[in-house]
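Sequence annotations record features per position, and here TrEMBL assigns substrate binding site to B:9, B:10, B:41, B:42, B:73, B:74, B:185, B:186. According to TrEMBL, the feature active site, proton donor/acceptor maps to B:72, B:184.
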């Protein structure tokens, strides 16, 4: 099928999912929308996250997407059930793929999850994990300082290492812990310091990478994959500054992110949230 | 949903898939059928593999399975499209999950596949890989000696190492190769010597392990997962000797494989093939 895959995120973090989608599914076209101006979603109340996400989805639906990826853990936690009821296309969040991958990987059945306040508060990961297997020890920890570092677009390795070290203290040296889920799509951009702090015995699961793997599977099972031969072109939209988006994106992506378009989803909301 | 998952294989190799299903989905009940008396499928003509597989599926359908796993690469290569047309339940083979996982893992975009004569001759892996990404270098190699070693139930590590070394010669030291797909569910039982021969720079993908991961995802997306709390009990059937099946199974499985039942699928076929 020739239609694009839609990807939404609260900002640039979902680009880690987009990067994996491009790598794992080079023939599939993406339309990415980052709600940069209202980022971060993590500390916002549930009702607001739901409203913002629905607005983003409305924009992508006009682009005739064949599948939606919610590349934001907070938005997944609060909206995936609702969106699955409302939309007829398949919807893939980042929480269940991360949970399934962690269960595949862990040998000690001891798993930790880090994420935003919203994601951790929702208990979406422990719920998803326990639904598959009752026999797990699960730790979770909110790391509210990580997203602002990444979205700022400039952080020194030393500063990042320091923040990561301080934030992860409660889960370093936990007995038997062998698997850590990065329950926020911004966190793979801090993967290096996180790996250093957690040590070589803890396997790091990127929920975004795993979501891309499941998109690949679902496209196939639902006969939605593009069957021809092409190297796909992608389109990027942001509710914030296209220049900053391009700057940050091109620092991580192999694909040249150009011609990013600014879109205004809801002027009143944008005004209201400028000071956020 | 309280119904079981059906798993078929040409013999005991599919138990590597069953083991992963039990580990990754401890609440889901399995019904396993191994066509041991007609094993191996690898050297058989396509029409025969199709007929045998359909007979096994017929047996499992009477058990009200909610999802079918074709835990045999040869049977997957020859029957998955046909079965997807005929059955209304989801069907997961082992080839596409292995292909998707290899694409996720490879950095050099250079992948090798080993399997039976039937699987390699069908070109099912190269087809599945190229359908997702055109930009891959793919090597494939039939290793017809591996299945008989495993099904015999007794092999010394030294003898296995020798056979593996000889068989894999054409793909050792290939430039840029970083990913090897075990395109036969028997092969994970030879994972140790295979790893030794291929070296630390080649990641080994077990197509069965990846199939289990996709079963987990598909149960969730199709709302077919068991939602209660239980540690599932499983049932095992073989067309061959229950004693030999139990012996081999209990050497590898954490789950105690007991009360294996012998079933006769088609007496005339059984007679005809006893000398095979």
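Count begins at 1; order follows the chain as displayed.
Each Cβ is built from the backbone N, Cα and C atoms, and glycine gets one as well.
Shown here: features listed in TrEMBL, placed on the structure.
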residue: B:9; record: substrate binding site; Cβ within 10 Å: 31
residue: B:10; record: substrate binding site; Cβ within 10 Å: 32
residue: B:41; record: substrate binding site; Cβ within 10 Å: 27
residue: B:42; record: substrate binding site; Cβ within 10 Å: 25
residue: B:72; record: active site, proton donor/acceptor; Cβ within 10 Å: 37
residue: B:73; record: substrate binding site; Cβ within 10 Å: 37
residue: B:74; record: substrate binding site; Cβ within 10 Å: 34
residue: B:184; record: active site, proton donor/acceptor; Cβ within 10 Å: 34
residue: B:185; record: substrate binding site; Cβ within 10 Å: 36
residue: B:186; record: substrate binding site; Cβ within 10 Å: 30
If one measures from the C-alpha of residue B:74 (substrate binding site) to the C-alpha of residue B:184 (active site, proton donor/acceptor), what distance in angstrom results, rounded to a whole number?
8
What whole-number Å value do you get for the CA-CA distance of residue B:73 (substrate binding site) and residue B:184 (active site, proton donor/acceptor)?
5
Rounded to whole angstrom, what's the largest C-alpha distance between any two of B:9, B:10, B:41, B:42, B:73, B:74, B:185, B:186, listed as binding substrate?
12
Please classify the secondary structure at residue B:74 (substrate binding site) using three-state DSSP.
helix
Quick one: pull the CA-CA distance for residue B:185 (substrate binding site) versus residue B:72 (active site, proton donor/acceptor), whole Å only.
6
For the recorded substrate site, enumerate neighbouring residues of the same chain (Cβ within 8 Å of the Cβ centroid of B:9, B:10, B:41, B:42, B:73, B:74, B:185, B:186, site residues themselves excluded), in sequence order.
B:11, B:13, B:14, B:39, B:40, B:72, B:75, B:116, B:118, B:119, B:147, B:184
At the level of the C-alpha atoms, what whole-angstrom distance separates residue B:10 (substrate binding site) and residue B:72 (active site, proton donor/acceptor)?
6
